[in-house]
Structure formats: structure tokens, C-alpha cells
Amino acid sequence: MKIPLAVILGPTGTGKTKLSLELAKYLPVEIVSVDSMQIYQGMDIGTAKPSLEDREKVPHHLIDIVLPDYFFTVAEFRERALKVIEEIYARRRFPLLVGGTPLYYKVLFGEFSIPHVPPDLEFRRKMKELAEKEGEYKLYEELKKIDPKTASKIHPRDLKRIIRALEVYYKVGKPISELAGEKKEDRFYISKIGLYMPRDLHYRILEERVDKMIEQGLVDEVRNLYLKGINENFVSMQGIGYKEILRYLRGELTLEESINLIKKRTKEFVKRQYTWFKKYKDIHWFDVSQYSLSQLAKLVYNTIINDWENQGYKYQNREGVNYFND
């Protein structure tokens, strides 16, 4: 059975959450978060989670599902997301995937499989110590020797992914590129919606977004996590905003320096998101600065329905209550 679903993706700060809630007025949907940071409990401000009020209006999934000290793998995301998608459709509603974590989309839609190798915390600690002593490029060069294909897809300074690739190799004796071979699947009718805006406007919104997070209490949020033992050794604390505020709390940066660093890294991250998403040719891109929210929701609604119908899904009654192929 093929399941019709829609995706709202795009870089941080483009209004994905607002659009998803507005779209819910036109389609009977439940929202599946595709965000690698919103999975963590107690990390609300820095991850820009939908409010509890919004989550009561429209059911949301894969938010607040693990504690910040838990190492959540991409393989786990795929397993949980597929289960949730099937459950949503069984309730006669449509899954609406919303978020900006490119790797999650890639593994969910079967572009490659991820080996389910449990994390080795001791191995990671040793690798981080080696990187601190001899530099990140030392580990990157090692990865290039054992798995050049994977290395070519990872930035030389992306220490987390470099260590993970090395970890998989030393655990199972095979490079991750060999284990994660292409495995395309055809289990969904998919409509992909991408959001963007002019760069100057986007950067201004990103800066305002960071300032708002500080006003909402991001410093206290990070302080509470740190007091519970959550530090930079945990994946959850690698999110932009958290590690910079942690440095402020330790006296390594002033608050102004940490805020400026958050803004700088957020803009850099957005550039990488654009680069990744632009590789895909089957995304319908919308400049959000050109429409009101209601106008955009109507355009996106029609685009989704047309995509589904072009792929063979019979969307029966746009005005009625029966949207399913009964």
C-alpha cells in the first residue's frame, strides 16, 4: 500500500511551522517533525519547537521523544518515522513531514540505508581527544584512507559525522558507504514543498530570531541542562545556540560574543541547508516573501493535490470529507 504524504522543507527560519499549521485548515493532517534537535525534551527555546497550543490544535509527532543524554541515531529516526506515518494514514489522515534536517529526509525516502550500529561512547571520547591534540584533519585523513566515498560527502570539520563513520568501520569492519548502499523505495506518493526567501530578508529574520530566543530565556534553558550534567560531550548540546551559550556560562565568551557567534553559525548552517536541498529536482520552491500565509497555504494545497494525482493517487473530493480511495 502506497501512502500519500507531503513534505514542507527548507532552511531554518523560513516559516515551515506556520505554513504547516495553516495547511492543516485545508487537509486533514498530522505533523511529523523532521528535525534532529526537536526530539530532545527540555530543549524548547533553542530548537524553536511549536508551542504546546499549536500542538494541541494539530497532532505533532517525534517531538520530545528522548532525553538530552540519549544518542538518537538516524536509523532510529527512520524506524520511528515510518511507524508514525503508517499509523497516521491508518487513522484516515495524511502525514505532513515538516523540518529542515536533510539527512533525515534522505534516509526516510530510501536513498540509502543506515547501518544500525550502537554508539561506542569510549571510542568517541578517544577520537575527540585525538582531534583536540592533533586536529580534526587527522581524523578526516584517516577516514579518507578507509572510506574515501564517505569522506568526499563530509566536510573536513564535521567532526561528529567523521567520528561516526570511523566508529562504524571499526565496529563492523566495513566502510559506512558499503553498508549504506543505495536502496530506493517506492512506498509513498510524495509532494515536496520547499520554502525560501531573499537572502537579505532571511538573514535579518535569523538575527531577530536569535534575539527573541535570548529574550525567551535561552540562557536559563542551557544553564538548567548544564546543571543536570548535559555538556558538549552530548550530541544534543551540539545544536547551534546551545554550545555557544555554554561557552558563555563557562566564562569563555561574553554574552554578546556568544550571541554574535550563534547568528554567524546559523547563517552558515542555512547556506549548507540551501546547498543540500537544491540538489533535489522534485521540490516545488516558493518564495515566502511573495505571499500572505493564507495565499501560500492555498497554493501549496493545490500543488500537493496535483502531485498526488499525477502519481496515481485519486484524491476524491476536495470539498467533501472523503479524501481516501474507498
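Placement of Cβ uses the backbone N, Cα and C atoms for every residue, glycine included.
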Feature region 'Interaction with substrate tRNA' in Swiss-Prot, mapped to one of the ranges 35-38, 199-202, 251-254, 271-274: 35-38
Determine the most Cβ-crowded residue among the recorded positions LYS16, ARG124, using a 10 Å radius around each Cβ and all protein chains in the structure. LYS16
So, in DSSP terms, is ARG124 (site 'Interaction with substrate tRNA') helix, strand, or coil? helix
Please list, in sequence order, the residues in the chain of THR101 (site 'Interaction with substrate tRNA') that are at least six apart in sequence and whose C-beta is under 8 Å away from its C-beta. VAL34, ASP35, SER36
Which state, by DSSP, holds THR17 (ATP binding site): helix, strand or coil? helix
Can you break down the region 'Interaction with substrate tRNA' (35-38) into helix, strand and coil residue counts using DSSP? 0 helix, 0 strand, 4 coil
What other residues of the same chain, not counting THR12, GLY13, THR14, GLY15, LYS16, THR17, have a CB atom within 8 A of the CB centroid of the substrate site? GLY10, PRO11, LYS18, GLY100, LEU195
